[in-house]
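Listed features, source TrEMBL:
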{"type": "TRANSMEM", "residues": "39-60", "note": "transmembrane segment"}
{"type": "TRANSMEM", "residues": "81-100", "note": "transmembrane segment"}
{"type": "TRANSMEM", "residues": "106-128", "note": "transmembrane segment"}
{"type": "TRANSMEM", "residues": "140-159", "note": "transmembrane segment"}
{"type": "TRANSMEM", "residues": "171-192", "note": "transmembrane segment"}
Amino acid sequence: MLIFILAYIFYTLYMNLIKDPKSTSFLSHKTVLRESFDLPLWLNIMYVHVMFACLAMLTGAVNFSKRMLTGIPKVHKLNGYFYFISVLIVTLTSGYMAPYSTGGRIVSIAFNIVNIIWPAMTVIAIAKARRKQYSKHQEWIIRSYLFCFTNLFIHLITSACTKGFGLVHDISYTIGVYGAIVLNLVIAELIIRFRKLPYNLQTPLNKNRGNI
Ligand code: HEM
């Protein structure tokens, strides 16, 4: 899994910072743009967005490692706060980009909903850890971490709609954004439902169900 995430991080950085740093391909699909759209500013914010999105993916992935969880809890905690800060920066930058979204207002609303629920899920996950409710902590962090794949799902669904069903780009992107949110939530619930709890999370269940 870590290999897949590392490959995706390198792919994202390569595509957005090296291959197409001016986002020409992505921006060419924007049919309507507000007057206040400032390309250099948008690009700089997008770079910050992409870099912290990659940091969120990396810090999140590292923290799922069993060895990190049981062996070096201090690093797990510090890394967790880096993850949280990255989530905040991704959503703040998203807050700037959302009003200029491809697909217009309906897509901008979807992004702004994620701007609220993603940090909220992460805060709940941290609160559960601080109360030593580790199983609940894991559930909420799984829900939160799935949002790191929002951009991947948006692009997969958008190209399935344009190339597979011949839909116009704006409609495909709108379906992509809403579809990605639904996929994030559904996949997270499936992982939570079928995950195997590590031993150190199972033990308190037997001793004290309140902690779970
Ligand atoms: C964590 C993984 C994420 C990555 C790697 C990522 C990456 C990107 C990239 C590369 C772009 C530029 C356009 C493109 O090529 O898609 C972009 C745009 C954008 N992202 Fe993200 N993103 C991520 C998560 C999110 C999340 C969770 C949100 C919502 C809170 C979000 C909100 C936005 C917005 C609003 C735009 C502008 C869309 C538009 O102009 O139509 N991103 N993102």
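Glycine is treated like the rest: Cβ placed from N, Cα and C.
Contact between the transmembrane segment (39-60) and the transmembrane segment (106-128) does not hold: fewer than three of their C-beta pairs are under 8 Å, each pair 6 or more apart in sequence. Looking at 81-100, 140-159, 171-192, the range that has the most CB pairs within less than 8 A of the transmembrane segment (106-128) turns out to be 81-100. Within the same chain, residues 8, 12, 53, 56-57, 60, 63-64, 87, 114, 118, 121-122, 124-125, 128, 169, 172-173, 175-177, 179-181, 183-185, 187-189, 191-192, 195 sit at least 6 positions outside the transmembrane segment (140-159) and bring their C-beta atoms closer than 8 Å to a C-beta of that stretch.
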